[in-house]
Amino acid sequence: MSTSVSDAPAPAPSRRQRITAALRRTPLLRNACLALLALVVVFLVLESVPPFRQGQLAVMAYLALAAGGLTVLTGLNGQLSLGHGAFMAVGAYTTALLLRDNENPPPLVVIMLIAMLVTLVIGAVVGLAAARLHGPYIAGATLALAVAVPGVAIHFYDQLGGEPGITVSLPDVPVWLGDAWFFLTGSDTTTRELIAYLGWFTVIVCYFLLANLSASGVGRRWRAVRDDETSASLSGINLGANRVLAFVVSTACAGLAGSLLAMVTRIAAPGAFPLALSLSLLAAVVLGGLGSLLGALIGAALLAFLPQLATDLGARAGLNDLQAAEISPLVFGLVMMIVIVVAPAGLVGSIRGAIARRRRRAALSDAKNDVTPGLGTETPGTGDDAAPPTQQTDARLPAAQHNDVSEKEISR
């Protein structure tokens with residue numbers, strides 16, 4: 001007796017499929033594995049590139065921190081901020097003040113944590129003041145903040161250095177760390193390399209925490225507020241508290257980014273935090289994919305490497321140094337226009353959409369193959385092995401036979 005294709009038992013999932021399913025069900029485990037993989041990749045990359053590239057990667061690290069925080073605020077919670085550069089300035093000046101004229105400064109990790117806490121407090125105050133604002137109103141408030149904060153540094157010349165800013169003097173690499181590094185790698189480490197490692201370690205830790213926060217109930221509430229404030233309020237979600245919490249988390253990341261910026265550039269000055277910095281961060285988040293941490297990382301890479309790449313291409317095309325440097329904003333603008341037209345959801349959003357469409361087509365194809373009988377197969381009830389009509393009538397479900405017996409007893 002022949003059987004149909006649909007009656008065949010489903011194949012047992014492979015070990016790889018079981019591991020993939022377990023990682024999808026457990027975001028914490030998946031994010032931990034990705035963080036460990038990222039640590040290995042960072043170590044291999046930083047050990048294989050020259051010092052100049054290490055500096056560029058350090059720049060990408062603080063841009064990735066700021067873009068990740070902005071992704072939480074704008075992509076997950078729906079608050080448009082045009083003043084994240086101001087919070088980076090708070091973190092940078094806090095770091096510069098802690099390192100200025102200090103013969104025995106605290107460890108750099110402690111300095112970054114202090115800068116984060118100071119920025120977090122200021123972000124909480126601003127978030128409470130702007131809790132009832134949304135849309136263009138909060139964008140305008142943060143825009144005013146981005147314009148005003150550099151002026152504060154200029155006004156308090158004696159404390160904040162005015163227009164020249166504060167020079168950041170980094171301490172030497174600790175002896176114990178240098179010895180441990182030489183034992184592990186067989187080479188001496190430099191301050192620039194140490195800052196690059198510190199920056200990327202901070203990025204990995206922050207992205208790990210942000211990814212878990214996004215997958216938790218807090219992240220779901222943020223998305224609910226972003227999608228429909230009325231429905232979120234009716235379901236019992238505190239709109240103001242969730243807005244303030246998202247603002248605090250975002251500004252904490254900006255404070256870490258500003259602290260790392262001061263260490264990388266060795267200066268904290270008003271000119272390092274123009275309005276263009278805040279707008280560039282927002283553009284990076286949109287280019288990579290709004291609401292995606294991977295998109296924020298891609299956008300930070302574009303901000304860090306695209307200007308130098310455009311300058312090199314301009315120099316190869318025969319332009320002088322000034323002209324080649326001025327061409328980078330044009331190239332970045334063209335890239336942004338192309339991405340917005342071709343991929344409105346950002347690079348990551350478009351890639352995910354393409355993968356989802358491919359999976360749907362594959363699922364539809366598999367469904368058609370299951371429904372259509374294969375070559376040499378017969379559907380039940382046809383062919384030589386088909387049961388006679390009387391047998392087919394009796395071959396019913398037990399429940400149906402029981403109902404017939406009950407009806408006969410009632411009729412008697």
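Cβ from N, Cα, C; glycine included.
Positions annotated as transmembrane segment by TrEMBL: 28-46, 58-76, 82-99, 108-131, 137-157, 194-213, 244-269, 281-307, 327-351. Look at TrEMBL and you will find 366-412 tagged as region 'Disordered'. Taken from TrEMBL, the feature compositional bias 'Low complexity' applies to 372-383.
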Checklist entry - Are there residues at least 6 beyond the ends of the transmembrane segment (58-76) whose Cβ is under 8 Å from a Cβ of it, and what are they? => result 84, 88, 192, 195-196, 199-200, 202-203, 206-207, 210, 213-214, 219, 222-223, 226, 246-247, 249-254, 256-258, 260-261, 264, 281-282, 284-285, 288, 290-293, 295-297, 299-301, 303-305
Next on the checklist: Can you work out which residues elsewhere in the same chain, 6+ from the ends of the transmembrane segment (244-269), have a Cβ less than 8 Å from its Cβ atoms?
Outcome noted: 55, 58-59, 61-63, 65-66, 68-70, 72-73, 76-77, 79, 81, 84, 87-96, 108, 111-112, 115-120, 122-124, 126-128, 130-131, 153, 161, 163-170, 195, 198-199, 202, 206, 210, 213, 218, 222
Item to check | Residues of the parent chain within Cβ reach of the transmembrane segment (108-131), under 8 Å, 6 or more residues beyond its termini | outcome: 87, 90-92, 94-95, 98-99, 138, 141-142, 145, 170-171, 195, 198, 202, 240, 243-244, 246-248, 250-252, 254-256, 258-260, 263
Item to check | Best-contacting stretch, by C-beta pairs under 8 Å, relative to the transmembrane segment (194-213) and drawn from 28-46, 137-157, 281-307 | outcome: 28-46
